[in-house]
Structure formats: structure tokens, C-alpha cells
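As written in TrEMBL, here are the features:
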BINDING   GLU147, GLU186, HIS189, GLU290  Fe cation 1 binding site
BINDING   GLU186, GLU237, GLU290, HIS293  Fe cation 2 binding site
Amino acid sequence: MIRSIFRNIALRNTSTFTKIAVHNSGNYQKSILPQNSTFLLTRAFTIHVSRMQSAGATISRKESDVIHQIPEDLFYLHHPKPVRHEVIESKAPLDSKALENIDIKPDLHREPVTWSDKFAFYIVKLLRVPTDLFFKKKYIHRAVMLETVAAVPGMVGATVRHLRSLRKLQHDGGWIDHLLHEAENERMHLMTWMRISEPKLWERGLITLVQGAFYNAFFLLYLITPRTAHRVVGYLEEEAIVSYNSFLNEIDSGTIENSKNVPDIAIDYWHLDKNTATLRDVVLAVRADEATHRDTNHHFADRILVGHEDLREDIKRVFEDHDKTKKMAGLTNDAPEKWKWSK
């Protein structure tokens with residue numbers, strides 16, 4: 001559609017220029033150009049316009065063919081999956097009680113030990129100050145801004161590790177898939193909150209600025225020290241849980257209405273009960289996801305610290321020990337087969 005608009009503008013502008021050239025042919029003849037230059041100039045533009053119009057007609061005829069001739073692989077659309085096994089494995093729709101029973105350890109905190117940990121911790125605490133001053137208790141608007149930033153680290157980490165895997169000609173150790181899943185999950189948070197809050201134009205502009213600044217800063221940090229980058233994400237998720245706890249308190253106190261106007265995207269993604277789903281259920285589901293990202297990113301930082309980044313052998317060992325098998329988000333029963341790749 002946009003291409004058609006620009007093509008039409010180009011045709012109109014070219015046609016207008018041709019008419020002007022013909023109208024002012026006397027002026028061209030009186031200039032330093034040879035007498036037949038005007039004819040050649042207008043003739044050249046006329047041919048150019050004719051060719052563009054012909055090309056436009058050809059494109060118009062092919063537009064329907066391009067749209068309908070979809071490659072077979074594109075029919076297999078990817079449906080975003082939740083990150084918590086409680087949601088993935090639930091056969092019945094989740095209600096408020098089921099969401100509250102998810103053990104997320106909301107008060108869990110990783111004490112900073114190394115200089116890298118302390119740098120990450122204080123950077124996150126510093127970033128929270130202007131956020132609190134700006135949004136105060138506008139938790140839905142805060143959530144939109146929070147998820148705009150939260151969806152960046154997973155994509156950056158996956159990109160850097162993907163390029164490193166290609167560059168070194170070796171397996172990434174099982175991180176890329178999880179990091180992409182994390183980024184997609186945070187994006188689903190954003191899509192949900194945007195349907196609930198409907199951000200204004202100035203808020204969209206602020207989102208663009210914040211996202212652009214954070215992406216470049218985090219990308220640079222990940223290139224320099226991925227351990228610190230993952231630790232930053234771990235502490236960001238801790239602060240996100242704090243914010244969502246306050247959000248829940250405001251709903252429980254009646255300050256924020258516990259609306260039943262829950263978007264379909266949230267009901268479908270978290271398998272919520274469409275008859276009873278409320279805003280509070282959405283907050284509980286999002287908070288549970290943030291707890292998962294908190295734990296995984298702190299774990300990633302620890303693995304880099306001890307120099308053991310490859311997840312495959314450890315996960316294989318867990319699956320082989322049936323007595324100690326634990327539920328792991330996003331992994332199915334055939335996961336052990338997927339990890340049998342050469343190093």
C-alpha cells in the first residue's frame with residue numbers, strides 16, 4: 001500500500017514536471033541549451049512517465065498473485081507459548097486461586113557479591129528513581145513502559161550469542177531458544193497492557209525514546225560483559241515483581257478497579273478462565289512470568305561466572321534422574337532428545 005502511494009506521487013510529480021517543461025519550452029530554447037534540447041528533454045520525460053505507468057499497471061496485476069501465492073512454510077504460524085509450566089500443563093482454565101498458588105517466591109533477592117553484581121544492582125536502583133517520580137501510582141502506564149524495556153534483553157542476548165555461535169562455529173549451549181522465548185513473553189506482556197491502557201501519542205513517543213536508548217546501552221553492555229548484563233536483567237525483574245506487588249495492593253484496596261474487561265490475547269495466552277478473568281488475574285500471571293525471568297537471568301550470570309555455560313549436559317542429567325526430575329518451563333517430555341547435539 002505504501003509502495004503504491006509513493007509510486008502515484010512519483011507519477012504525478014513526473015507528469016507535472018513534463019507539463020512545465022513543455023510549457024516553458026521557449027525559455028529553454030533561449031537558454032544556453034541547443035534548440036533541439038527542449039524537444040529531447042520533454043521527450044525523455046514523456047518516455048519515462050510512460051514506462052512508469054506501464055510498470056505500475058504490471059505491478060497492480062501481480063499484487064493479487066503475490067498476496068495469494070503464499071509459500072507453504074508460512075502456513076505453519078507460530079503461536080506464542082507461555083514460559084511457566086503451570087500454565088502450559090494446565091488442562092482447565094486458570095482462575096484467581098490457581099494463579100495465586102503458583103510459587104514465585106516474591107521476596108526472593110539475590111545479594112550482590114562481586115563488583116559486577118553491585119554495579120548491576122545500583123544501576124537498576126538508580127533507574128527506578130525517575131520511573132517512580134514519573135509514573136507514581138499509574139501502574140498500568142508503568143507496566144507499558146516496563147514491558148517495552150523488558151522485551152529488549154532477551155532479543156539482544158539471543159542476537160549476540162547467535163552471532164558468536166556462527167563466528168566460532170560451535171553450539172551456543174542452549175541459551176538462544178530460551179532468550180528468544182523470554183523476549184517473546186515480554187512482548188506478549190506489552191501487547192496485553194497496550195490493549196488495556198491504550199497509550200496516548202506522547203506516551204508512544206516516550207516509549208520509542210526509552211526503547212532506543214535502552215537497546216543500544218544494553219547491547220553495548222552485553223558485548224563488554226554478558227555476566228553483568230544478565231545480572232542487570234535479574235535485578236530488573238526483581239524490581240518488576242515489586243511494582244506488580246504494589247499494583248496488586250492497589251487493586252485489593254479498591255484504588256484501581258478490578259475490571260473484567262480482559263483482552264482476548266491475555267485469556268488465550270495464559271489460559272485464563274474467560275468467564276471469571278479480571279485485571280488482577282492478568283497481573284498475577286505477568287508477575288509469575290517475571291519471577292521466571294528473574295531466576296533464569298541470575299542463573300545465566302552465575303553460569304558465566306563459573307565458566308560453565310553449556311546447559312545440555314546438566315539438563316540431560318536431570319531428565320535421566322527420574323527421582324529428582326523437576327518441572328522446567330517450556331520443556332516437554334521429548335526435551336532430552338532435543339539436547340543430544342554434538343558440542
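The backbone N, Cα and C atoms fix where each Cβ goes, glycine too.
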Alpha-carbon distance [GLU237 (Fe cation 2 binding site); GLU290 (Fe cation 1 binding site)] in Å: 6
Nearest of the binding-site residues (GLU147, GLU186, HIS189) to HIS293 (Fe cation 2 binding site) - Cα to Cα: GLU186
Inter-residue C-alpha distance, HIS189 (Fe cation 1 binding site) and GLU237 (Fe cation 2 binding site) (nearest angstrom): 13
Cβ-based neighbourhood (8 Å from the centroid) of the Fe cation 1 site, residues GLU147, GLU186, HIS189, GLU290 excluded: ALA143, LEU146, ALA150, ALA151, ASN185, ARG187, MET188, LEU190, ALA240, VAL286, ASP289, HIS293
Neighbours of GLU186, GLU237, GLU290, HIS293 excl. site residues, C-beta within 8 Å of centre, Fe cation 2: ALA150, GLU182, ASN185, VAL233, LEU236, ALA240, ASP289, ALA291, THR292, ARG294, ASN297
Neighbour count (Cβ, 10 Å) for HIS189 (Fe cation 1 binding site): 25
GLU147 (Fe cation 1 binding site) to GLU237 (Fe cation 2 binding site) - Cα separation in whole Å: 10
